[in-house]
Amino acid sequence: MGGMLFPLMSTGAINSILFGIYGNHLRQLRRVCHSDYQREQLEYHNMFLAGSVAGFVQSFIACPMELIKVRLQTHCYYNDYLYGQRRTAFGTFKRIVKNDGISGLYRGLLPMMCRDVLPYGIYMLVYRHASRYMENSDFVRKHRKASNAININLLITTFAGAWAGVLSWVCVIPFDVVKTIMQADENHKFRGIMHCVQVNYRAYGWRSIFRGSWMLLARAIPFNAATFLGYEYSLELCHNY
């Protein structure tokens, strides 16, 4: 359970930043369109671009947090105590800064950006496309008339969010594995992404860069469904307020 409290506290903040940047950038892109027709034609393009920008910015905020989380959870830190003192997120932060400087907090930033920048564009695009596809389906139209519209909206958001999470993660699993290996490497054995991949390929084969794939995908379904449910209903509450 080590390292669990810290990500629980930081995940909400990171997602707030991510969706805040996405929403604001998307509005700016819509404003530069000269007509409603142009806005409609460029809508998916703008969603992808806004999602990618949001992923880029949040990488710089999330990287130190993920580094601390990984250091708390990995095999190098199995013991609850280090040098007679109980391990904490703040203690890990101070130790990283003391040993590696501020730049040490951004170890694994490049694979993290590869994991987050374009995939977050795909993430937002797939969610919106899946939502609109389901909105226009005969099943939803039929049940929207026959039952509570709130339940149908809940169903659409849940499935679209889960689908977006799975598709955005499928193509970036190797980057996440490499990021985690590099961040867990306290002794700086790896010089960069390619060196990390080469070392692990020679030692364990090509499957080593896909370790934990099924767990990541299984996590993506409930996590992203819950993320978009929280996002949509928080947005609706704010608009109503």
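Just so you know, glycine gets a Cβ as well, placed from its N, Cα and C.
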Given ranges 6-23, 42-59, 96-113, 222-239, the stretch to which TrEMBL attaches the annotation transmembrane segment: 6-23
Close approaches to the transmembrane segment (148-170) from elsewhere in its chain (Cβ under 8 angstroms; 6 or more beyond its ends): 119-120, 122-124, 126-128, 130-131, 134-135, 140, 176, 216-217, 220-229, 232
The repeat 'Solcar' (152-237) - residue tally per DSSP class, helix then strand then coil: 73 helix, 0 strand, 13 coil
